[in-house]
Amino acid sequence: MEKGKVVLAYSGGLDTSVEIAWLKNKGYDVIACCIDVGEGKDLEAIKEKGLKVGAVESIVIDAKHEFAEEYVLPALQGHAYYENKYPLVSALSRPLIVKKLVEVAKEHGATAIAHGCTGKGNDQVRFEVGIHALVPEMKIEDPIRDLHWSREEEIEYAKENGIPVPISKKSPYSIDENLWGRANECGILEDPWQSAPADAYDRTVALEDTPDTPDVIEITFDKGVPTKLDGEELPLEELIMKLDKLAGKHGIGRIDHVENRLVGIKSREVYECPAATVLLAAHKDMEDLTHERDLAHFKPIIEQKLSELIYNGLWFSPLMDAIQAFLAETQKVVNGVVRVKLFKGNVICEGRKSPNSLYSEELATYTSADQFDQEAAAGFIKLWGLPTQVYAEVMQQNEKNNK
């Protein structure tokens, strides 16, 4: 029975290739859609494979620039670390992928969108909540979750439908990567006591193999946007890719994390985020120089909520819109240059300057050039401590009265 068109989030792997056949057999015309957010895959080969295994159309969308400008940048400016450790690699790309799938579905008049997420991960939530936030009436198909196939059953179905089955040894890991980093799980990593083996890493060098000489770089920010690396102006996605290689060489950005998944279980993940680690540290350093105290102390509260919204698949929500408006306001003064040393896994911000700097050497110095009015301190201290002083006096008087 004809069911119309379905847009499939297609990766080129066995899972989503099998999905093409399954959806086709169910009566759909399948449009395979691969969104490039910086994975480094052979996109032309993926496009051709989609057609070969039965899609009526196979589309590849280069979304690296949009990913950097519209998704990575707010996460950078909002210092988005889930559980104060994970800079949201996979979670950050999902809303953009959802947005592109919806755009393709509307353009082609599709009646459904399909993905290949398992029933115990976070991505099923991110995809489906995101899709319905943009198109509430859209039908969603998820054969991988709904069929509960074993690997053997999946391979058998692939053979029956003429889908090429990988003959090489399957990697024990489940890997997802983009501009902002690389996420790795499964295999030996499922035992949180076991150290991640060398083959679990790809973007970073082991500390014992890193150079014995540091690299010192300068990152320029314009309204919170990193615009230059060592004086060279670059589009954000290119700056990230260039910095990723440089920082990875020094073993920067390895994160071994047991995190709380949205679906209620704990999961051990190994992340590599060289560029993200450096940029987040440098951006925070520039904010420390340019943000007034109350703003500096309040912003982390918003940052925590931002990271939770991204992780939990609520990018397309009123609260996210409000948080992004807040972040935009905070970035107006985040202008200047941060000097950073990269060495043996460490990111050391060792210099910073800004036309919006709130640091006054004349007020901070302990030399004869000091302009701080120390005589004002006594009155300030008296008024600042007055509430606690009054409280103590009342408590003492009550104790005397009760004797």
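Start at 1 and count along the chain as shown; that gives each residue its number.
Keep in mind that glycine also has a Cβ here, set from the backbone N, Cα and C atoms.
The ATP binding site annotation in Swiss-Prot covers A9, Y10, S11, G12, G13, L14, D15, T16, S17, G116, and the record cites sequence analysis as its basis. According to Swiss-Prot, the L-citrulline binding site annotation covers Y86, N122, R126, S174, E259, Y271, on the basis of sequence analysis. Swiss-Prot lists T118, N122, D123 with the feature L-aspartate binding site.
Features per Swiss-Prot, on structure.
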residue : record                    : Cβ contacts under 8 Å, 6 or more apart
A9      : ATP binding site          : T16, C33, I35, I97, L101, I113, A114, H115, G116, F127
S11     : ATP binding site          : C34, I46, G116
G13     : ATP binding site          : none
S17     : ATP binding site          : K49, G50, V53, A158, I163, P164
Y86     : L-citrulline binding site : I255, H257, E259, E269, Y271
N122    : L-citrulline binding site : S90, A91, R261, L262, V263, Y311, N312, G313
R126    : L-citrulline binding site : A91, R94, P95, V98, G313
S174    : L-citrulline binding site : N184, E185, C186
Residue pair D123 (L-aspartate binding site), D15 (ATP binding site) - Cα distance, angstrom, rounded: 15
Neighbours of A9, Y10, S11, G12, G13, L14, D15, T16, S17, G116 excl. site residues, C-beta within 8 Å of centre, ATP: V18, E19
Annotated L-citrulline contacts Y86, N122, R126, S174, E259, Y271, maximal Cα-Cα distance (Å, integer): 19
Sparsest-packed among the binding-site residues, when each Cβ's other Cβ atoms within 10 Å are tallied, from D15, T118, Y271: T118
D15 (ATP binding site) to T118 (L-aspartate binding site) - Cα separation in whole Å: 10
Mapped DSSP class for G13 (ATP binding site), helix or strand or coil: coil
For ATP, whose listed binding residues are A9, Y10, S11, G12, G13, L14, D15, T16, S17, G116, the greatest C-alpha pairwise distance in Å: 13
Extra residues within 8 Å (Cβ to Cβ centroid of T118, N122, D123), L-aspartate: C117, K120, G121, Q124, V125, R126, V263
